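The following features are taken from TrEMBL:
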- A:41-68: transmembrane segment (TRANSMEM)
- A:88-105: transmembrane segment (TRANSMEM)
- A:111-132: transmembrane segment (TRANSMEM)
- A:139-161: transmembrane segment (TRANSMEM)
- A:207-239: transmembrane segment (TRANSMEM)
- A:245-266: transmembrane segment (TRANSMEM)
- A:273-291: transmembrane segment (TRANSMEM)
- A:297-316: transmembrane segment (TRANSMEM)
- A:Thr304: site 'Important for channel permeability' (SITE)
Amino acid sequence: MEKILASWESLSASSGVLRFLDINLRGIGQVMFQNNPLSGALFLVAIAWGSYAAGAPRVAIAGVVAVVMSNLTAQWLRVDSESLHSGLYGFNGILVGLALATFLAPGPLLWVYVILGAAVSVVVMLATTNVVKPWGGALTFPFVLITWLLLLATYGFSGLAGTALPSGAVVTAFQPYKASPLQLIDLVQGVFLSISQVFLKASGIASLFLLAGLAVSSLAAATFALGGAILAVLTAHLLGAESDLITGGLLGFSPVLTAIALGTVFYQPSWRVVAYAALATVFTVITQAALNVALTPFAIPALTAPFVLVTWLFLLPQQRLVEIAPVANDLEEPVAGG
Amino acid sequence: MEKILASWESLSASSGVLRFLDINLRGIGQVMFQNNPLSGALFLVAIAWGSYAAGAPRVAIAGVVAVVMSNLTAQWLRVDSESLHSGLYGFNGILVGLALATFLAPGPLLWVYVILGAAVSVVVMLATTNVVKPWGGALTFPFVLITWLLLLATYGFSGLAGTALPSGAVVTAFQPYKASPLQLIDLVQGVFLSISQVFLKASGIASLFLLAGLAVSSLAAATFALGGAILAVLTAHLLGAESDLITGGLLGFSPVLTAIALGTVFYQPSWRVVAYAALATVFTVITQAALNVALTPFAIPALTAPFVLVTWLFLLPQQRLVEIAPVANDLEEPVAGG
Amino acid sequence: MEKILASWESLSASSGVLRFLDINLRGIGQVMFQNNPLSGALFLVAIAWGSYAAGAPRVAIAGVVAVVMSNLTAQWLRVDSESLHSGLYGFNGILVGLALATFLAPGPLLWVYVILGAAVSVVVMLATTNVVKPWGGALTFPFVLITWLLLLATYGFSGLAGTALPSGAVVTAFQPYKASPLQLIDLVQGVFLSISQVFLKASGIASLFLLAGLAVSSLAAATFALGGAILAVLTAHLLGAESDLITGGLLGFSPVLTAIALGTVFYQPSWRVVAYAALATVFTVITQAALNVALTPFAIPALTAPFVLVTWLFLLPQQRLVEIAPVANDLEEPVAGG
């Protein structure tokens, strides 16, 4: 594996075209924190399969167009090449493209939206990074903010129509889902779709490709992704969440990202960190349910906002905002008080 | 008084159990900025009485469970012991516990919620403190954020039911309350309940215990609390707020906290500071009404968000975000412009 | 022109009254970033004409009362005199006054609101400036925040009534405006009203005075204002926005401010900057539509929030939050990555 990646690296160093391909693959990999072109390639297969299986190949195309547009914009803005080559300016772009093509009706203006959203995602990535650098990364905040604005605006534009958006309503008490109680198989489905929903896909096969993409880069990441999905599904079930949301993975994709981020990216693994990441994962499930409710009057989806909010809250204790030091990688050091 | 506290301090230094009791009492006292175990004890009596009088002793129990859980979590996270011993990791926890038990139906999951919310309140306290340290404290922001998320989520969980939550609605023009105009006695009631509502209680006796708890620690704090409550009730009445909200103290508890914070905690008293605090207190009443309206579509209460927002806005002028200096204690120094 | 301003400056230096007049005129000019008393005077003529033409002279009076109250408050708070003399503590105040008198019914409490809002606008200006100084200015955030709170609160106060506020509703799909398609003349009207709506006016004559006020101070500012308005109207039309919003200038006033800010104030003009400002201007139109939708359940207008949000997002890439250096004035320097 190392050998393959090394030779690929030297190969892409030799060609501008391959380098750009490498950047875009890493950008796709960074959606799940993997600075690894092979992960990105496997994630892309998962996206392609999921889109094809859902009868909407345009979704995968929109994702590819968006990640390419993001990286072209990043080059135009002369970002630092290390971050560029790590794919950090592409992962929000592809998510914007996937989300817009998933929630909106096809048409020429959809593609204008995809290109515009991808370009602006780079600006918001730079903006967010400058604000949160002291304690962590921008995560998928640029994707969430831009997609929310673009989707909200469609309610004011006749040229763009939301075909898969929720309908607006004021908040009312939850009517428990009475039908057939969940079987183990339903929960297993929920676990796998929680992983594929990170890319807005409801496909078990896609989730296998995603787990493979994680494993080739980091076994720990694959483990925390799967563990986070299991913990999320059990938590949602225990609290009495709607069955369709559980089995569809719609309460689990944010917790999966929280688990990977806190468990493998920003902290060195340890039992304290596992417990800390587990607490954050459980709270992400609750935050997902909360934001689903809070966004009801606006008729837009929560996307990965719960992951961003909770992960930032659980990263901040390690840093003072006025320091520029790299994020601490354990929980041992004394933490600042009130 | 000093003598008693001194001997109590030496006593608690001698025993881990008494020290932990001391920490939890100070945590209760910190809800109103008093790092004083006797204040905390009197506040606890007020909470217990208010809960008992309301026929809901479980509310007081939930508060105690939450403050204990918060301080245990803080120790597990190895926070700095000075802040821990000052009770800074307990005051958000007890408020989370009181609020959850006040707004939600009893049941096993309520206690899961209380324990989880109390634990996360410490993480959010650390996170918020790191962000706002340059100009002030986290105040009750962790309580507000966590309680909002936990309450919103109940609309998506059949295992938890809000029994005392407002019902969702879009914003519409206010229908003035036509019935019997307010008498002086109504306004007096509003003043006292504004103080007890800081702990989500509608009890005049509880407010007397709270004022006593403030007085034993700081006469200035008790004075600003009472003055803030009077100013809030008069402002709300002048602007034509709904009588039930005024007499129930529901427009006054945030202003009470603003008055104590700006008048006695973060600035040295002076006539300029009194005027500044009064302006902030009046604006907190308006912000309370505004957030009550803004949260209507979400069917959740504003809690102490108005106090947090206005107090932060009125503290920020004294500080540049990039400094770590202690908060300035007067309004004399030149302030940074645009 | 220079001569006139120079002699005016020496004149106002000689008299406290003239200096205060100068400060207030500059405050009005700063709404469009012009630290120039002549610009302010011409803007004031535009406001007066627009208010008179709309049959609501009280609106102009409220604006004047508010800007004076803001600057008196700033002096009481002992702000640094350079910012004070540049009018930086007045531009949010006048907007608060204009907005409150535009949206609320006349009456004694309206004037209490205007004076209170103007006073608090200085506090929020100082607060916001301390937070955003590392990458830019407070812009009109204080105006937006305070006006939102004051307007929301009117739904809870019988003493204040919104006469020109939108009515609350949950978000629903947009019903395309079927009637007569837009003619060129409609678009031209939309362009000019986009400029006058910066001061909440729908008057072509007012917009001519505003353009004149910009031109006497900065031809570039006038050019970017007009260019921004044209780009905004075309973008809104292309995306299928409601005709009334386009021709009324209600989707263009925020983009106009974005274009001036990014094109002439914070960056040195260059083709890269023009392209960057154009991207921001287009995205401001979408953000305006998005916030119009997002605020529907709250029954309040978006005001200039889209300008503030997008301009901050497009300024942040140039700065790290922990630096105090003046905002960079080109896009050439390498930008920090994730």
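Even glycines carry a Cβ here, placed using N, Cα and C.
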Contact between the transmembrane segment (A:139-161) and the transmembrane segment (A:273-291) (at least 3 Cβ pairs under 8 Å, separation 6+): no
Top Cβ-contact partner of the transmembrane segment (A:88-105) among A:41-68, A:111-132, A:207-239, A:245-266, A:297-316 (pairs under 8 Å): A:41-68
Proximity of the transmembrane segment (A:297-316) to the transmembrane segment (A:245-266), 3+ C-beta pairs under 8 angstroms: yes
Number of other Cβ atoms within 10 Å of the Cβ of A:Thr304 (site 'Important for channel permeability') across all protein chains: 28
Within-chain partners of the transmembrane segment (A:111-132) [C-beta distance under 8 Å, separation at least 6 from its ends]: 62, 65-67, 69-70, 73-74, 77, 79, 88-89, 92-93, 96-97, 100-101, 104, 138, 141-143, 145-147, 150, 160, 312
